[in-house]
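Colleague: Sharing the record's features from TrEMBL:
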DOMAIN    17-263  domain 'SMP-30/Gluconolactonase/LRE-like region'
BINDING   E19, N154, D204  divalent metal cation binding site
BINDING   N103  substrate binding site
ACT_SITE  D204  active site, proton donor/acceptor
Amino acid sequence: MAPYQVETVLKNIATTVGEGPHYDEATKMLLHLDILAGNIHRYNTLTKIDEMRHYDAPTSLIVPRQSGGYVIANVLNLSHLNWETGQLTHLASVDQGTRNQFNDGKCDASGRLWAGTMGYMEKPVFPEMETAFLYTLEKDLKVRRHLDKITISNGITWTNNNTKMFYTDTITREVWAFDFDLESGNLSNKKVLVKCPESLGYPDGMTSDIHENIWLAFYEGSCVVRYDTTTGKEISRIKLPTSQIASCAWGGDNYDELYVTTGHINVTDDLAGSLFKVTGLESKGRKPHIFLG
């Protein structure tokens with residue numbers, strides 16, 4: 001891979017785990033989160049100003065909604081967020097009676113939201129095992145369960161033609177490939193695409209590019225790795241100046257800027273919890289989808 005450049009966009013912006021990056025083309029905002037702190041951020045890529053809203057609960061995903069505002073996940077609730085007022089309007093809840101909480105989430109090309117939960121974690125990375133699930137919030141606001149016996153639901157992305165979905169349960173250190181039906185949202189024919197080496201830590205958030213590769217963040221691995229989705233083989237690796245690499249998303253006018261979020265839990269290095277931008281990758285992504293419900 002040709003030389004790439006890593007820029008620190010917001011130093012130490014996350015005090016716990018920086019997550020959920022989503023580039024909103026309409027506003028030129030990079031949406032991102034500090035999960036355990038309950039902080040939701042909007043970074044204006046034009047003015048370089050970062051805005052924040054705080055909630056007294058873990059908040060783990062944010063996607064724009066077609067009707068305005070955003071859909072966020074806080075603990076076990078999916079809610080509509082009016083950014084101007086800060087008001088949350090409840091949409092749905094899951095896993096009632098458990099100690100689970102929502103983790104990663106993303107919308108598919110039909111506008112439904114995929115969002116998974118994770119088992120209760122007293123300390124990283126030792127969660128309650130196989131207590132969580134993968135759900136969709138459909139456009140009619142009904143919740144549908146797709147996978148069970150999940151431990152840490154993470155990293156969702158699709159091929160350009162929407163016939164494959166890629167997903168990881170972090171604790172398994174595997175990336176799974178499913179046959180995907182966009183119209184129905186059905187998953188089938190699960191296969192292990194990548195068995196991640198323990199030396200890289202834990203697979204976390206991911207995105208995909210126009211060449212059908214996935215870009216996978218490694219928590220405790222100090223890197224984002226690009227994999228070929230046909231062979232499951234590593235193509236290249238981006239090294240970052242901190243260890244807890246949590247997620248990544250394409251942004252910028254040409255979607256050739258890779259934004260990377262990081263964690264800051266029991267890490268003392270100078271750039272822990274920072275938001276980074278990587279350029280010069282000779283690849284690019286696609287416009288992310290929003291919630292159409």
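Glycine residues also receive a Cβ, built from the backbone N, Cα and C atoms like all the rest.
Can you tell me where each of these features sits in this structure?
Modeller: D204 (divalent metal cation binding site) is surrounded by 29 other CB atoms, counting those within 10 A of its CB over all protein chains shown.
Taking Cβ-Cβ distances under 8 Å and a sequence separation of 6 or more, the neighbours of N103 (substrate binding site) in its chain are S60, L61, G116, T117, M118, A132, I152, S153, N154.
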Colleague: CB neighbours of N154 (divalent metal cation binding site) within 10 A?
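Modeller: The answer is 28.
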Colleague: For divalent metal cation, what surrounds E19, N154, D204 with a Cβ no more than 8 Å from their Cβ centroid?
Modeller: V17, N103, D104, I152, G155, T170, G205, A217, Y219, A246, S247
